[in-house]
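The structure appears right after this line, and notes come after that.
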Amino acid sequence: MKITLDVLQKRKNTQKITAITAYDALFGRIFDGEVDVILVGDSLNMSFGGNADTTNISLEAMIYHTQAVCRGVKSSFIIADMPFGSYAYTKQALKNAIKMIKATHIDAIKIEVKPDKIDIVKALVDEGIAIMAHIGLMPQFIKAEGGYKIKGKTATQADFLLDSALAFEKAGAFGILLEGIQADVAKTITQSLEIPTIGIGSGRHCDGQILVWSDAFGFFTQFKPKFVRRYFEGEALLKQAVRQYAKDVTESTFPNENESY
Ligand code: KIV
């Protein structure tokens with residue numbers, strides 16, 4: 001069954017939303033139907049592109065990866081990130097979001113926003129685009145903020161986050177992604193909204209959870225944020241397999257007769 005916007009919105013206060021990232025058709029197909037939401041996150045610029053942060057990925061690269069994911073995913077709800085600098089003002093945001101929609105088969109778009117961008121959210125929604133607003137720790141802002149900082153530690157920050165979430169809900173966002181927000185603040189935001197929240201590093205009270213797949217399955221091991229739970233030791237297991245393959249080739253035990261024509 002295809003997960004639709006309606007299904008996600010009805011999950012509020014009933015059943016948790018499960019979400020994971022994917023960046024290609026191969027893994028999109030593996031994750032499809034196992035989770036409600038698949039996000040083509042710009043985190044791919046780090047974990048797969050080997051870059052220091054997400055800021056230098058292009059719209060074309062995001063479209064390329066999103067097209068691949070869409071080829072592999074049939075039932076999960078697909079969201080794609082708009083990359084840094086592609087939605088700085090309304091006209092540009094509309095042009096690029098429409099380009100993304102027309103080039104792919106996504107269900108929704110996610111953008112990292114502060115309330116000064118409320119008009120952009122409204123314009124996108126008015127155009128018929130389902131928008132998820134990403135608030136809290138926003139990786140696209142790290143250069144201005146001097147790093148990755150957990151949000152909601154002060155009352156002022158907590159109020160700002162709650163006001164932002166309420167403003168984006170009013171502007172028509174179908175959901176809010178809460179990243180790196182103190183668990184108690186994320187809980188208050190979640191309880192104050194009618195639309196669902198999906199959290200990453202924001203505690204267990206959000207309406208759903210998302211992880212970057214290469215973190216969750218142990219393929220990205222340069223560092224492990226506190227909020228990541230590893231469900232698989234991908235790097236270690238893959239290294240073991242690739243070493244075995246190299247050994248078999250070196251020792252001429254691969255291919256054998258059954259593997260030859
Ligand atoms: O780019 C990404 O992977 C994200 C995370 C919050 C999941 O936005």
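Here the Cβ of each residue, glycine as well, is placed from N, Cα and C on the backbone.
Annotation source TrEMBL lists 3-methyl-2-oxobutanoate binding site at D42, S43, D81, K110. Sequence annotations record features per position, and here TrEMBL assigns Mg(2+) binding site to D42, D81, E112. According to TrEMBL, the active site, proton acceptor annotation covers E179.
Sequence features annotated in TrEMBL and their locations in the structure.
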residue	record	contacts (Cβ under 8 Å, 6+ apart)
D42	3-methyl-2-oxobutanoate binding site	T54, I57, M62, D81, P83, F84, P139, Q140
S43	3-methyl-2-oxobutanoate binding site	T21, T54, P139, V212
K110	3-methyl-2-oxobutanoate binding site	L39, G41, I79, A80, D81, M82, I131, M132, A133, H134, L177
E112	Mg(2+) binding site	H134, I135, M138, P139, Q140, F141
E179	active site, proton acceptor	H134, I135, G136, L137, M138, P139, G199, I200, G201, S202
S43 (3-methyl-2-oxobutanoate binding site) in three-state DSSP notation:
coil
Mind giving me a neighbour count for D81 (3-methyl-2-oxobutanoate binding site)? Other Cβ atoms within 10 Å of its Cβ, every protein chain shown.
29
Any of the recorded positions D81, E112, E179 with a C-beta atom under 6 A from ligand 1? Give them in order, or none.
D81, E179
If you measure every Cα to Cα distance among D42, S43, D81, K110, the residues said to bind 3-methyl-2-oxobutanoate, what is the biggest one in Å?
13
Identify all same-chain residues not among D42, D81, E112 whose C-beta atom falls within 8 angstroms of the centroid of the Mg(2+) site's C-beta atoms; report them in sequence order.
G41, S43, T54, M82, P83, F84, K110, I111, H134, P139, Q140
Please report the three-state DSSP label of K110 (3-methyl-2-oxobutanoate binding site).
strand
DSSP three-state call for the residue listed as 'active site, proton acceptor': helix, strand or coil?
strand
